[in-house]
Amino acid sequence: MADRKASVYSRGGRRVSVAEEQVTSVLKGGDVPINDSGVEWNADEEVLAALGYKPEFKREFTLWTTFCVSFAVLGLLPSFATTLYYGMGYAGTAGMTWGWLVAMIGIQSVAASMAELCSSMPTSGGLYYAAAVLAPPGWGPFAAWITGWSNWLGQVTGAPSVNYGTSAMILASASIQNPEYVPTSYQTYLLTVLLMLIHGCMASLPTRWIARVNSAGSTFNIIALIVVLIVIPSATDRVSRGLTKFNPSSEVWGDIYSGTEWPQGVSVLMSFIGVIWTMSGYDSPFHLAEECSNANIASPRAIFLTSAVGGTFGWFLQLVVAYTVVDIPATLDSSLGQPFAAYLIQVLPKQAVLAVLSLTIIAGFAMGQGCMIAASRVTFAYARDDCFPLSKYWKHVNTHTQTPVNAVWLNNLVGNVLLLLIFGGELAIGAIFSIGACAAFVAFTTPIFIRVFFVGNRFRPGPWNLGRFSIPIGCIASAFVALMVPILCFPSVTGSDLGVSTMNWTSVVYGGPMFIILIWWVVSARKWFKGPKVNVDHLMLGREDQAAHLGGVIEGKEVGNRSSGSHDGVPGEMPAGKQGGDTKPNGL
């Protein structure tokens, strides 16, 4: 009976202890999870148990469907269209071309380091769980608190910002059809709220339906992106307007548009907000890990591929727009209220404009739904550890759909409140984009920074890992974020021009809640919040006691002795057979 409770069959058919899993767990060294469900764990359930959690979801996501959700959240075409104001408006075509390439070095480093953490800790808590486990002794709860809340702020602004951009494009299409129509703030707000409610209903469906919907949405996203990449350069009517078909390369790569009052180098860095916000969806597979089969390999692969594929196609889209744009100031200041629509009018016939906008709107709809799903899983995971007030309601899994429906509608409510920023003007509502970028990157990099500078070689990699490149790539990721977070808070104007109406509201809308969260920690949360709460029963045994209890179940002779886990949040030794030359990247 003890053997059944403390061990499972590995994928190789050998009966092994859960303590042998390649995970970095919150469970202390020697603790062995007990399976008292009467049903033997499969390989994925074994990994989750080693992390301290019972299975609560159906594992109906695969590598492809997980990638589809992640790519839908990434939403290259609608993301680019929504953030064109920043990418083009701050530094012009030079910022869009080589600026994108520079930014992608840092972004891909963050994605690769995150994927490595996901392979070692494939749980819905994701970055929050990783920060708690990897932090120095005594600092785990605080690291989890900061990471979790920052990640939640980034996630909860995802669907509202995407749906705001989609609504703006819908109303811009109406203005193109009827030039006398000028969208109002309340019309934009009501349409955006309608999209939020629709996405809330869709995100409350059973997992299998969510997977199917996102597969279709992501497939459409990819097809729409390819179509737009072909249509714009082939259908452009610049020549009929007395222009060359494309802008000269010297201008595209060399001209930096003075969209801010900062030096040109700073303006280029500020334009990275478009890249960062566009590429911030690749963490979704981490949060869906408990619903994915073969999660410690499929989920990190989905993270890495989403960033790599998205970065490549995104750069192609940047090039197409940079080589065809006619008038940057006119694009930014158009009465349509949507720079992407204004750009399309400059380079395409009316019917082609409406066709491209239609594709972008549908892709944006799919993206908003993916954002709603990812955010709900984050809310569920944090509520499971009692981070939120009334957590018992938000961590409830609906018995019919087997999905966290309550968490979906909590996020929906918060998102609709945030959308009231629409009535504060473009700069106010624009803050939800820089908040998303800033909050996400703080959360992404906190566990990476801890892993690189406080854990080092004591980290226990999962089957997908970066090997000897892990520390250098983690350093690049940490340095990139340390540079970008302050810049994301810079206003576009300086000196006497800076006022309430021209300031960057990111520091207020993101910094304000985070300051309150820090005060909450000092006053109260530090006394009761202890980080991730394991919900699986476990035997608290030392290594010698564990081996005796299992009666020889741990058959590790052929690969050498394995460590039994982690101790007080510090990872145990890397399993023998996975050291040295065996730690090559397994991502692709």
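Start at 1 and count along the chain as shown; that gives each residue its number.
Heads up, the Cβ atoms here are built off N, Cα and C, so glycines get one too.
Annotation comment: TrEMBL describes 559-588 as region 'Disordered'. Among the features that TrEMBL reports, transmembrane segment is placed at 61-86, 98-115, 127-146, 186-205, 217-236, 303-326, 352-375, 405-423, 429-454, 466-493, 505-523.
For the transmembrane segment (98-115), same-chain residues at least 6 beyond its ends with a Cβ under 8 Å from one of its own Cβ atoms are 87, 91, 127, 253, 268, 271-272, 275-276, 279, 282-283, 286, 299-301, 303-304, 306-308, 311, 314-315, 318, 441, 444-445, 448, 451-452, 464, 466, 470, 473-474, 476-477, 479-481, 484, 587.
Highest Cβ contact count with the transmembrane segment (466-493) among the listed stretches 61-86, 303-326, 405-423, 505-523 falls to 505-523 (criterion: pairs under 8 Å). Sequence-distant contacts of the transmembrane segment (405-423) (same chain, six or more residues past either end, CB-CB distance under 8 Å): 155-157, 159-160, 164, 185-186, 188-189, 192-193, 196-197, 199-200, 203-204, 372, 375-377, 379-380, 383, 393-396, 398, 429, 431-432, 509.
In terms of C-beta pairs under 8 Å, the stretch of 61-86, 186-205, 217-236, 303-326, 505-523 lying closest in packing to the transmembrane segment (352-375) is 61-86. In summary, the transmembrane segment (217-236) lies against the transmembrane segment (303-326): three or more C-beta pairs, each 6 or more positions apart in sequence, are under 8 Å. Sequence-distant contacts of the transmembrane segment (303-326) (same chain, six or more residues past either end, CB-CB distance under 8 Å): 67, 70-71, 74, 76-77, 80, 84, 87-88, 93, 96-97, 100-101, 104, 107-108, 111-112, 114-115, 118, 225, 228-229, 232-233, 236, 238, 241, 243, 246-247, 252, 275, 278-279, 281-286, 343, 346-347, 587-588.
A Cβ distance under 8 Å defines the sequence-distant neighbours of the transmembrane segment (186-205), meaning residues of its chain 6+ beyond its ends; these are 159-160, 163-164, 166-168, 170-171, 213, 365, 368-369, 371-373, 376, 398, 401, 403, 405, 408-409, 412, 415-416, 419-420, 422-423.
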